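See below for the structure under consideration.
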Amino acid sequence: MAETIDLSGDGGVLKTVVRKAKDDAIAPSDSLPLVDVHYEGTLAENGEVFDTTHEDNSIFSFEIGQGAVIKAWDIALRTMKVGEVAKLTCKPEYAYGTAGSPPEIPPNATLIFEVELVACRPRKGSSVGSVSDEKARLEELKKQRELAAATKEEEKKKREEAKAAAAARVQAKLDAKKGKGKGKGK
């Protein structure tokens, strides 16, 4: 099981890495403050999904440190690298607090997000250095997305193989039980 890290120091924002990024992956910074993420948010109390980008495969973009998102995200996304997937547990004081966000999020709700950092970008009008640096960054991002897609496909195939093997074992047990009953009348 992956280690859980207390990012806020008071248990308010907990991060567990679900999938590590490559060692050389880029991270948000002052020069790359715009981030693109995929995520799914659930209520800790009942596991109900209240928001997701997975259904329509959309990307959510925001600038870190500008108060555009809940406090927990501003804290946690600074610690992530492109390609990383993390489970974030956010206490109410780092999420929507006593007000909640009706009707989906009740007051004082602890939220759990699975977040994938898809990309980091400079602000519009900022220079990344050169066109070749930008092309290299985009090429790396493309490779990371392809790797993530291949990993998901591989995991899906393994789950399907495991299901098929389990079904075969169950069928073999059923067939064995049927076979035991045939010889009793002799």
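Just so you know, glycine gets a Cβ as well, placed from its N, Cα and C.
Residues or ranges marked as domain 'PPIase FKBP-type' by TrEMBL: 32-121. Marked as region 'Disordered' by TrEMBL: 145-186. The compositional bias 'Basic and acidic residues' annotation in TrEMBL covers 145-163.
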Sequence-remote partners of the compositional bias 'Basic and acidic residues' (145-163) [C-beta within less than 8 Å, at least six residues beyond its ends]: 19, 83, 116, 118
Arithmetic mean of per-residue pLDDT over the domain 'PPIase FKBP-type' (32-121): 95
Residue counts (helix, strand, coil, in that order) that DSSP gives for the domain 'PPIase FKBP-type' (32-121): 10 helix, 37 strand, 43 coil
Counts of helix, strand and coil residues, the region 'Disordered' (145-186), according to DSSP: 36 helix, 0 strand, 6 coil
